[in-house]
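J.: Quick one: the structure is below, and I'll ask about it shortly.
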Amino acid sequence: MQRLLFPPLRALKGRQYLPLLAPRAAPRAQCDCIRRPLRPGQYSTISEVALQSGRGTVSLPSKAAERVVGRWLLVCSGTVAGAVILGGVTRLTESGLSMVDWHLIKEMKPPTSQEEWEAEFQRYQQFPEFKILNHDMTLTEFKFIWYMEYSHRMWGRLVGLVYILPAAYFWRKGWLSRGMKGRVLALCGLVCFQGLLGWYMVKSGLEEKSDSHDIPRVSQYRLAAHLGSALVLYCASLWTSLSLLLPPHKLPETHQLLQLRRFAHGTAGLVFLTALSGAFVAGLDAGLVYNSFPKMGESWIPEDLFTFSPILRNVFENPTMVQFDHRILGITSVTAITVLYFLSRRIPLPRRTKMAAVTLLALAYTQVGLGISTLLMYVPTPLAATHQSGSLALLTGALWLMNELRRVPK
């Protein structure tokens, strides 16, 4: 294989190859490759591929490993997006509390016989959701919500495999640089943390409340933590993937570009915060409190914004305040994206960067339309799930534009 890929060393003895075969390595400042001996067939870091010959080491810069790792992380971010969307549908169909225990391996086999299904249904009947909300549920209806939660859990395990197995392979092959190894370890650790956090969230909905008539639901705080960590995992994977796959633009570091870059970062943070506030809306069913727009009922600012004491509790526990906050954050986000778009038009930017700005603007107004429609139609499941998927698409657009504007290290 080495003979096919590279000419024999005798053929390299010509005048034009003398610098390559010189006994002393070129200074590091004058070449982009690093010379060091490797085992035959082993790749070095993601920025080089080296082959060892009998008379020395020949290192050639290569982007092949970068592309492989970048595509892998792009697939990883896609699986995380699928988990977020499936989790949202599970929440909207009120299926999240149907599986009342958690086992990493044992629960991967679903019930198959009538006796197993009856036993599973009897376990569910011991918890508040059945006693208060679903006391007239049939076994057929229970199977539907059980399979919804089962699908979400199995998808989560798939996400873990998609991260961990290729990461181990790339590590063994030596395709990860030192910095990339740290990132990959952090991503894999966050995946494992996500699984534990998901069960911690579900447990909050299985506990008996102090008031026996309280509607069984998971803690909105734990739901927001579960969604937030998933979004962090998605953003980190997607950002790293884009950085590896998309060649950076060498833009002139002007004052206008610096302002645009900072504004893009702030806008992306605002989009993230708006998506996170949606977890509180879902956790408290706040989308059903006021189903009118732009006013909330008959007024712009409803009277029941500050019904809880202390006042700070209203931000996270009062459904009216939670919906109000989500509206304000959504309007602020689309306004910031609009301003960002017009700022980008004042600077000569590459075509791909302009496309990212236009895409982000289109996604923003589509998401606003979906949100208003979901509100006015009393949160139908298909539309609400599309709205949640739109938040991921909008966050993706913001990350893409940020990546296009990133500073190129000198």
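Any Cβ shown, glycine's included, is placed from N, Cα and C.
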J.: Would you say whether Swiss-Prot puts GLU129 on the same side of the membrane as ARG346?
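T.: No, opposite sides.
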J.: Which one of these stretches, 4-24, 382-402, shows up in Swiss-Prot as transmembrane segment?
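T.: Feature transmembrane segment in Swiss-Prot: residues 382-402.
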J.: Return only the integer: C-alpha distance in Å from HIS326 (heme b binding site) to HIS152 (heme o binding site).
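T.: So the alpha carbons of HIS326 (heme b binding site) and HIS152 (heme o binding site) sit roughly 26 Å from each other.
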J.: Quick one: Cα separation, HIS387 (heme b binding site) versus HIS152 (heme o binding site), in Å?
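T.: With the alpha carbons as reference points, the distance is 19 Å.
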J.: Look up HIS387 (heme b binding site) in the DSSP assignment and report helix, strand or coil.
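T.: It is helical.
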J.: Return the stretch with the most CB pairs under 8 A relative to the transmembrane segment (68-88), choosing among 154-171, 227-247, 269-289, 357-377, 382-402.
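T.: Top-ranked stretch among 154-171, 227-247, 269-289, 357-377, 382-402: 227-247.
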J.: Just counting, how many other CB atoms are there within 10 A of the CB of HIS326 (heme b binding site)?
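T.: The Cβ of HIS326 (heme b binding site) has 22 Cβ neighbours within 10 Å.
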J.: Count, for each of 154-171, 227-247, 382-402, the Cβ pairs lying under 8 Å from the transmembrane segment (269-289), and report the range with the highest count.
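T.: So the stretch in question is 382-402.
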